[in-house]
Amino acid sequence: MESTIRRIQINTQHLLSNNDCSSDIDPQYLEIKQSFDANALNKYLFPYEPELKESLTTFWKNEKFMLQPTFGLSLEQDRELTFKQFKRLMELALKHFRLVDLERNPKKIAVFTQGYRFQNTSVTTLMGVHFSLFGASIVFLGSEEQRKKYIEKVEKLEIVGCFSLTELGHGSNVQSIETIAEYDHDKEEFIINSPTVTSQKYFIGGSAKNATHTIVMAQLKVSGKMEGVHAFVAQIRNDDGTLVKGVDIRDCGVKMALNGVDNGRIMFKDLRIPRDQLLNKFGGVNKAGIYTSPINPANKRFANTIGALVLGRYIVSIGSVAFNSVGLTTAIRYSFSRKQFQGSDPKHEKQLISYSSHRKRLIPHLANTYATHFSNNYLLDLLSEKEKKEKEIHILASALKAYSSWSTRDCLQECRESCGGQGFLSENLIGNFKSETEIYTTFEGDNILLYQQVAKFMLSESRKNPPSEYQQPSNEQKQRFDKNYIRSFEFLSSALNSRLNQTIQYVTEKLSDSVSEGSAIMDAWNDNGTYIVRLGVAYTEKTILDKFIAGVMNYPDENTRNALKLLVSLYALNIIDRDNWFLKYQFISPEQSESISIQILELCKDIVPFSISLTDALGFDHEKLGPIAGDWISKNKF
């Protein structure tokens with residue numbers, strides 16, 4: 001009885017609070033209009049390299065060939081068009097930056113990537129493989145001499161590169177790959193072999209047809225001693241396109257998406273390469289045949305080798321924001337123009353956006369997209385510092401890659417369904433992009449393992465700086481369920497911070513108990529994997545909230561800032577509503593839980609009047625997207 005009365009009080013207070021609700025939604029018609037200066041917000045969201053950004057905007061407005069889709073093409077036609085568009089993209093890139101800018105000015109790379117307006121996503125994947133994997137390996141793992149030898153050739157496409165890391169039998173466990181590069185001192189060459197079927201390099205983008213060279217990640221063997229995983233530059237095709245002796249390549253075939261990328265599988269049999277083709281920044285073999293390295297032991301050297309390629313994870317995260325932006329711009333605009341069923345006026349059908357259930361499907365993803373973007377900007381600032389905070393960069397890049405790729409998977413699914421059959425049509429892009437971004441969840445690192453890396457870092461840091469003991473909020477605090485309190489940044493930050501600190505303590509105790517009971521450390525870790533992943537997620541979501549709040553509160557225009565603050569509250573309340581931790585550990589009361597569910601629906605409603613401006617500020621011209629983002633009725637006239 002008492003709980004029933006309490007719920008009545010909550011709903012009464014909720015109804016009273018709606019009298020001053022910030023939204024003014026006409027139940028019959030919601031106009032597509034700007035509620036604030038979207039261009040000003042866009043400049044704030046994307047502040048880097050403004051001249052480059054403007055130049056790219058002009059280019060994409062006038063470009064036709066690069067915007068050609070591959071809908072309905074055969075596999076060979078798809079690959080042919082993709083490779084031509086890739087070459088055109090490389091020409092464009094060289095007008096604005098060089099390969100060394102991956103290290104010297106990553107903001108140029110970010111702005112260039114954020115400027116993509118392709119309908120054919122395979123092009124961006126080929127670019128990533130050639131430039132951000134093959135090229136980045138030379139920049140970050142090679143000596144100055146090796147840079148001079150290869151960089152210009154990579155930029156001019158005299159070399160077309162791919163990246164051979166993943167094997168049939170090993171993906172995430174890179175340290176256990178089986179490919180061997182053994183040094184032959186007499187000839188000053190490395191002999192590369194794939195000793196087993198499972199050691200073949202697998203799913204190597206660009207290798208089946210076009211790549212002339214590859215970075216081979218292999219176990220280095222010198223004078224009978226294994227020195228760990230190293231990177232080698234190897235030519236795999238001759239000038240006439242035939243395979244180099246010692247290289248066998250087969251096509252992986254048709255995939256669920258990205259078929260413009262020619263993924264292949266590679267076997268090496270006594271492939272010989274010169275001594276100087278071992279990228280030797282972190283270790284090499286001298287003329288005396290002796291292996292030397294400035295970094296020891298091997299596992300630390302391996303961490304530096306893999307860590308140097310962290311930019312790829314950042315690029316996945318900014319790509320995720322871009323794909324979300326396309327999906328949300330399209331789906332939200334369509335929800336204003338598409339009508340279904342009568343409301344209070346039987347003469348008029350209601351717009352989709354006027355349905356609470358429809359808003360709940362889309363608006364939370366808009367909040368997540370903005371939240372991710374502000375953290376991406378923070379990471380880009382870290383990447384651009386001269387004295388780089390390597391550990392923070394590695395952990396944040398891992399966290400954002402995992403969070404953003406799963407966010408995009410879910411966002412585009414909701415956008416697709418929210419548009420019905422129109423979302424299934426290729427010309428509206430959402431369905432295509434949904435399929436093509438599926439790979440984001442597993443390349444550049446499996447998300448479960450990335451979250452475990454994040455958790456490992458948090459546990460290590462907690463030994464140096466133990467988190468404060470978790471304490472439940474006071475009874476007085478848990479009886480507050482008014483809108484202002486529930487939406488407040490103070491409440492939201494405290495909630496996510498408390499969850500993080502308590503989860504650190506909980507996981508620490510679980511691991512300690514497992515070891516005390518006789519489990520080996522690795523077994524203890526695996527047995528508690530679910531809790532460890534939760535810790536990684538807790539850190540990621542708390543970090544994203546912190547950067548989101550900081551970015552929003554610095555925005556100068558009050559009207560726009562208030563709209564952004566609604567997104568912040570929605571982002572965090574969704575986390576609280578979704579995770580039973582907050583009720584289980586009594587951070588909130590059942591009454592607050594009910595109020596949070598109500599506030600999420602209200603926030604979705606409050607954001608609607610701002611939603612067109614918010615999506616426009618993400619930078620994608622709706623007139624250049626699919627028909628349902630604009631006048632889809634005229635488009636469908638016979």
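Using the three backbone atoms N, Cα and C, a Cβ is placed for every residue, glycine included.
Unlike curated records, TrEMBL annotations are generated automatically.
Counting only same-chain residues at least 6 apart in sequence, those with a Cβ under 8 Å from the Cβ of E444 (active site, proton acceptor) are G312, R313, V316, K401. Annotation source TrEMBL lists active site, proton acceptor at E444.
The feature FAD binding site is assigned by TrEMBL to T166, G205. When other Cβ atoms within 10 Å of the Cβ of T166 (FAD binding site) are tallied across all protein chains shown, the result is 20.
Taken from TrEMBL, the feature domain 'Acyl-coenzyme A oxidase N-terminal' covers 61-160. In the predicted model, residues of the domain 'Acyl-coenzyme A oxidase N-terminal' (61-160) average a pLDDT of 95.
Summarising the annotation, TrEMBL assigns domain 'Acyl-CoA oxidase/dehydrogenase middle' to 162-270.
The domain 'Acyl-CoA oxidase C-alpha1' annotation in TrEMBL covers 307-459.
The DSSP breakdown of the domain 'Acyl-CoA oxidase C-terminal' (490-624) into helical (H, G, I), extended (E, B) and coil residues amounts to 114 helix, 0 strand, 21 coil. What TrEMBL records for 490-624 is domain 'Acyl-CoA oxidase C-terminal'.
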*Any same-chain residues 6+ apart from G205 (FAD binding site) with CB under 8 Å of its CB? Would you list them in sequence order, or say none?*
T125, L126, V129, C162, F163, V261, D262, N263
*asked:* Within the domain 'Acyl-coenzyme A oxidase N-terminal' (61-160), count helix residues (DSSP H, G, I), strand residues (E, B) and coil residues, in that order.
replied: 70 helix, 0 strand, 30 coil
